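Undergrad: Following this message is one structure expressed as structure tokens.
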Amino acid sequence: MKKKREIRNNVLKEITEKSGRRGTQLDCCTQCLRRTEVSFRRFRNSLSEHFHQLWLWHKTLKIIGGEFGTSVLSYFIFLKWLLSFNIFSFLINFSFITVPQFIAAEPNNLSFTGLELLTGAGYFQQTVLYYGFYTNATISKTENGASYNMQLAYIFTVGIYFVICLLILLFSMAKSFCRNFISPQTYSGNASKLLCTWDFNVTNEKAVKLKQKNLSTQVKEGLTDVHKEVQNFSVTERLVHILLHLGAWAASLGIAVAACSGVYFLSINNLEVRTDFAACFWRRIFPHGLQLLVLFLCRNIILKISIIGILCYYWLDIVAESKSQCWETLIGQDIYRLILVDFIFCLLGSFFGEFLRRIIGTTVCVSLGVPEFDIARNVLDLIYAQTLTWIGILFSPLLPGIQMISFFIVFYTKKVSLMKNCQPPRQVWRAAQMTTFFMFLLFFPSLIGVLSVIAVTVWRLKPSEECGPFRGLSSMFAAVSEWIKILENYTGSKWVVWIYNNLITSELFFFILSIIFLIITYLYWQIIEGRKTMVKLLRNQIVNVSSSFSFILFKVWLPC
Amino acid sequence: LRGLNNLLFYRYRDLAPQLVPLDYTDKPDVTLPYELIGSMPELKDNPFRQRIAEVFSEDGDGNMTLDDFLDMFSVLSEMAPRDLKAYYAFKIYDFNNDDYICKSDLEKTVNKLTRNELTPEEVRLVCEKVIYEADLDNDGKLSLEDFQHMIIRAPDFLSTFHIRI
């Protein structure tokens, strides 16, 4: 606190200098210096103030948090976080790949009709939007001037972006796990949660009253549960429960298989169809509840992973091996269309799921009531869209820009729909742990899957002969190996060649690295086990000490 | 941190422009009464606003100087560490300021959380359950350590004990 007071006093001094006049008599030079110092500090302060105002959507997030609480707010914060990934990708792709390409651009002979915005083909095929347009030449503005190797720029920009993404996700996820999962037992008492659940973010009067009402309902339900300890289900009821669950699983797996084969055959015939209507429909049939939420998440994730898996298999095995002219651009166009369809269905989902549902819930079938904002479904949609974008970066470098625009529109649509159509959530939604889980989903099936797809594309597939920056090479990675071969002739860069030969292409190095990581992980795991035992022992000690103290107090000391 | 402090200073001043001077070099002794603090849009509907103001004010009555105001919002910001937030949350729920959350404190807290909608019997049951679950040293009331132990098992605490300014 003392340090904060010091900072605060400095700030106050600066504010005073901003507004007040100093009455001290100084000579001309010092006065001049003092004035420039003050104006520079004023400028720096106003800049930091502006950055504070420019915090994207700061006011909007405050209003959403004020009315709907932390759980719904976590969705919008997640959306903002994903948007930052796309903005970063778009900026580096645009600066390092697209701008040099503009200098060496070939003329576009195709005509622009409006249909290209929907199909991604046509006029757009000969623009910087797709891989096929980029040159494989070394661009130089003047003869013997500085040259820019497009092949290396392309592969390094995309590669470094993914490495940075991986590191950012890894560290955020680790920090989140550390903060939210430190206790070995998660929920060991419902009543004591009461003291920790009040959401100070909620500032709207109606929302506060609603929250208080929900809390009192929960408390009353919790108290009645105390009285009936065990719910005795009869054997037939339990059997029916199990059969229902099995039926739901079989049905969703069946739908997943049907959807995947449908996607596969339709892709071969070049038609795009969205197949998770069934998943959304399935969600409406089953009511809320934590267990059912987990089941819904699992089913939805399995469906989405299988669809993306089938699509990747189709692209990498069939499209890439076909003798079409520019298979990378074809894949890029496919992904563009998928992202567009996903965006449209997201907006439609908002329209049907929230707007129409509210109309139905308030006029036709009043018992249904106003809908709540479905956080899980919306976050999974975001993760799906981001996965598609990441797969598409290699084939269409400006795709993150399109996804950026799409996320902006989705943010405002969801916000307006939320304010007008939804009510604050009634059930407890463990926002911190769910956000960690969603970050983990973004890391494990999503980013790792994308990295595997990109790795297969870069190392195994043969780039097309006639278009793109890697035309004529045996694989995209061959550009790097050829560059290393050129570097071998320069004595100054021998260290780069050494690193390449002994660290990057050497299997022994990665094998040894993996063994070391496994050993360190095992050691940490054993340390954690030891600490868990220690915590248990210490807790028992506290209880023992306090009970022996109260025994001594009441039985021995007080009666005397 | 500086940007936030500047913003907070202007928010403090906006509550009573005629009382708060722009010049703070001679450390003027300006205290804003609780009524003004409690009328801020971020606090006016919070059931614990009075306790929050009392905990952070120097005189314990809710009348805050600029330093108290800045302290309050920095503890309630995203950057404050968990232990600091737990300490101040404990003080907010400790209505009689005896460094323990006893049964009467809990009853007042539960009533504020549920807007007095529970019957006294239900409130009593809830308080007993809370003490049973959280009181580790078996003295019938919650100390700061018991409270911190409870906070560890509620990872949402960091994001819910937070006011955006």
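Even glycines carry a Cβ here, placed using N, Cα and C.
Just so you know, TrEMBL annotations are computer predictions that nobody has curated.
According to TrEMBL, the record shows the following:
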type	residues	note
TRANSMEM	A:81-103	transmembrane segment
TRANSMEM	A:152-171	transmembrane segment
TRANSMEM	A:242-266	transmembrane segment
TRANSMEM	A:292-315	transmembrane segment
DOMAIN	A:326-432	domain 'TMC'
TRANSMEM	A:335-353	transmembrane segment
TRANSMEM	A:388-413	transmembrane segment
TRANSMEM	A:434-459	transmembrane segment
TRANSMEM	A:508-525	transmembrane segment
Undergrad: Residue list, the transmembrane segment (A:81-103) vs rest of chain: Cβ under 8 Å, 6 or more residues beyond ends.
TA: 128, 133-135, 139, 141, 148, 150, 153-154, 157-158, 160-161, 164-165, 168, 382, 386, 389, 393, 397-398, 400-401, 403-404, 407-408, 411, 442
Undergrad: Please identify the stretch among A:242-266, A:292-315, A:335-353, A:434-459, A:508-525 with the greatest number of Cβ pairs below 8 Å relative to the transmembrane segment (A:152-171).
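TA: Maximum Cβ contact count belongs to A:434-459.
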Undergrad: Taking pairs 6 or more apart in sequence, does the count of Cβ pairs under 8 Å between the transmembrane segment (A:434-459) and the transmembrane segment (A:292-315) hit 3 or more?
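TA: Yes, the transmembrane segment (A:434-459) contacts the transmembrane segment (A:292-315).
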Undergrad: Given a Cβ distance threshold of under 8 angstroms, which distant residues of the chain, six or more beyond its ends, lie next to the transmembrane segment (A:335-353)?
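TA: Same-chain contacts beyond the ends: 118-120, 129, 272, 274, 280, 311, 371, 374, 377, 381, 384-385, 388-389, 391-392, 395-396, 399, 402-403, 406, 409-410, 413-414, 417.
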Undergrad: Considering every residue in the domain 'TMC' (A:326-432), what is the mean pLDDT value?
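TA: PLDDT averaged over the stretch: 88.
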Undergrad: List the helix, strand and coil residue totals of the domain 'TMC' (A:326-432) as derived from DSSP.
TA: 81 helix, 2 strand, 24 coil
